[in-house]
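Engineer: Below are the features I grabbed from Swiss-Prot:
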DOMAIN    27-188  domain 'FAD-binding PCMH-type'
ACT_SITE  ARG166  active site
ACT_SITE  SER217  active site, proton donor
ACT_SITE  GLU288  active site
Amino acid sequence: MKLIDTLLKLGNDVHINEKMKCHVSFKIGGPVRLFIIPYTVDMFLETLNVLDNVKILGNGTNVLPKDEYMDFNVISTEKLTGIFVENDTIICESGLSLKKLCLYAAKEGFSGFENAYGIPGSVGGAAYMNAGAFGWETAEMIEFVDVYDGKKVLRLDRTEMKFSYRNSIFKENEDLIILRVGFRIIKGDSYNIFSRMKQVMIKRVEKQPLEFPSAGSVFKRPRKGFYVGSAIEKIGLKGFRIGGAMISEKHAGFIINYNNAKSSDVKDMIELVKDKIYKNFGVKLETEIEIW
């Protein structure tokens, strides 16, 4: 109780045994020890200093927690949503959604984020995994990231981040906690930017099963020119079900929660797809989502 009192005195919201299904887009997941919501970056830093055994959660759009109790703490960045312009850079707190960044940039006439519109994640999560869509990657726009390494706050420039396809230094070094992300500014025309964003969203709605809970595309593209969704469709798994989990009939690269799926249903589906793809194509798949 002393720890909880300390967290509350810092100004956090604190929830005991909070179910993760309430906080992730898959709508799956059992309880964690403590679920903590800081309201400012300073509060976030102070909270990190009094907690151990912590996972950081952004918008929860790329995470599959297990069904059972998870004996660790989760800090949510959902309230860390500041955004402003300084020295020709858009600076965003890590919990800001990509959607809000895109809308802010479009309103200000800043181009370069159009293809990110509709990616259902936070700015911090996008930097963490170098999120992307339609040929665009987060790394293209990043100038710097402010991180906490457990001792001090550091500013890393883009050359230090080891960006590659769905990967970065932050995935390799979990001790680096993302606080803020600085994006470069490319001047454009608001009308044209909004028009392009509308086209991107239409494409998403047409091709992706947005009407069902999911964590987006489950698997990384293993090599250039190999499209996982098409490969899954070719081996006849489109629409295949395990428990409440199903390979989307709209886009086979998505596993959806169509009927109160358990985490184990999704995990079993992932392993089945990996096995079938390897047997049919000799390709080893890696997951794009984080499995807790």
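Glycine too: its Cβ is placed from the backbone N, Cα and C atoms.
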Engineer: Which ones in the same chain are close to the residue listed as 'active site, proton donor', with CB under 8 Å and 6+ residues apart in sequence?
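Structural biologist: Result: VAL228, GLY229, GLY253, PHE254, GLU288.
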Engineer: Can you check how the pLDDT averages out over the domain 'FAD-binding PCMH-type' (27-188)?
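Structural biologist: When the pLDDT values over the domain 'FAD-binding PCMH-type' (27-188) are averaged, the result is 97.
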Engineer: Can you tell me whether DSSP puts SER217 (active site, proton donor) in helix, strand or coil?
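Structural biologist: Note: SER217 (active site, proton donor) is in a strand by DSSP.
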Engineer: Measure the Cβ-based neighbour count of GLU288 (active site), defined as the other Cβ atoms within 10 Å of its Cβ.
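Structural biologist: I count 19 other Cβ atoms within 10 Å of it.
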Engineer: Around the C-beta of ARG166 (active site), how many further C-beta atoms are within 10 angstroms, looking at every protein chain?
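Structural biologist: There are 20 such Cβ atoms around ARG166 (active site).
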